[in-house]
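Below you'll find the structure, written out as structure tokens, and then a few comments.
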Amino acid sequence: PAPAEEEKEEEEEEEEPQSQPHLGELTASHVTPNSIQLDWTVPEGTFDSFTVQYKDEQGQPQVVPVDGESRTVTVPNLVPSRRYKFNVYGVWGRKRLGPISTDAITGEGSCQHCPSPSEEESEEEEKKEEPQSQPHLGDLMASHVTPNSIQLDWTVPEGTFDSFTVQYKDAQGQPQVVPVDGESHTVTVSNLVPSRRYKFNLYGLWKRKRLGPISTDAITGEGIMGFVSHSTPILHCVVLSVPAPAPPEEKPPSRPQLGDLTTSHITPTSVQLQWTVPEGTFDSFTVQYKDAQGQPQVMPVDGESRTVTVP
């Protein structure tokens, strides 16, 4: 850049501390028995992203990520006639600002429309039959196992559920919840670590009841831990998927080698990483680091790439 442009960039960087954005008001609208729309304002500045937090009917914390350009989100899979408290945080750089909060009550399940007399009779007959129409969960199976993900499949031999919830504990022992809509009977659980046993519990939500769980255990695939030195004392760790075995008629390829890892294009909110592979090829790469809150983060990279920007 020209000297004048450099002076402008320095002035902009000096002004950044004063440009911290602010959250305004949070309101709830478009309330239905199973969803609530949230709207918020940002009177000053811009955020990188937002996070909506609330507790479900089992008291389990739920998190809904929202991109920084949005000012509204619809929270689904709620239960009728229940009070929810929603907190919205704004993420700006390495800071989490907020929250702003609001309470809202979902609509009543029986008031979605005004039925005619014949519809009322039909509804009364259906209500009488409800005790016999309770759905049942069948079997839970794990398939498509990789070092970082496991696909779960389950059966529902009788009836239908409003939604499902998969629960498990991550590598740090923290409980994780994966919501699934009622029409799906499969889900892929990602961001797992290699060579670790996970126990998955699946619950079915029907009306206001949580049925189950059905459970299964599965072990993620093996991974190779490779360490790459850097010019600074920081140690970078890359987890590499095991290369697929070669056909019997071919010679097995030699184990690939990692070279050097360097950083470039450093900004206040991102770092570009570049690495070399002096020998062989890898199926894929994984970059691991801890964020500002000390939480481990994982970035998958395809095997042909030699660079990635961590935002």
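Quick reminder: no glycine exception, Cβ is built from N, Cα and C everywhere.
Listed in TrEMBL:
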type     : residues : note
COMPBIAS : 1-17     : compositional bias 'Acidic residues'
COMPBIAS : 118-127  : compositional bias 'Acidic residues'
DOMAIN   : 22-113   : domain 'Fibronectin type-III'
DOMAIN   : 136-227  : domain 'Fibronectin type-III'
DOMAIN   : 252-311  : domain 'Fibronectin type-III'
REGION   : 1-35     : region 'Disordered'
REGION   : 103-141  : region 'Disordered'
REGION   : 245-265  : region 'Disordered'
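Summed and averaged per residue, pLDDT over the domain 'Fibronectin type-III' (22-113) gives 91. As a summary of secondary structure, the domain 'Fibronectin type-III' (252-311) carries 0 helix, 33 strand, 27 coil according to DSSP.
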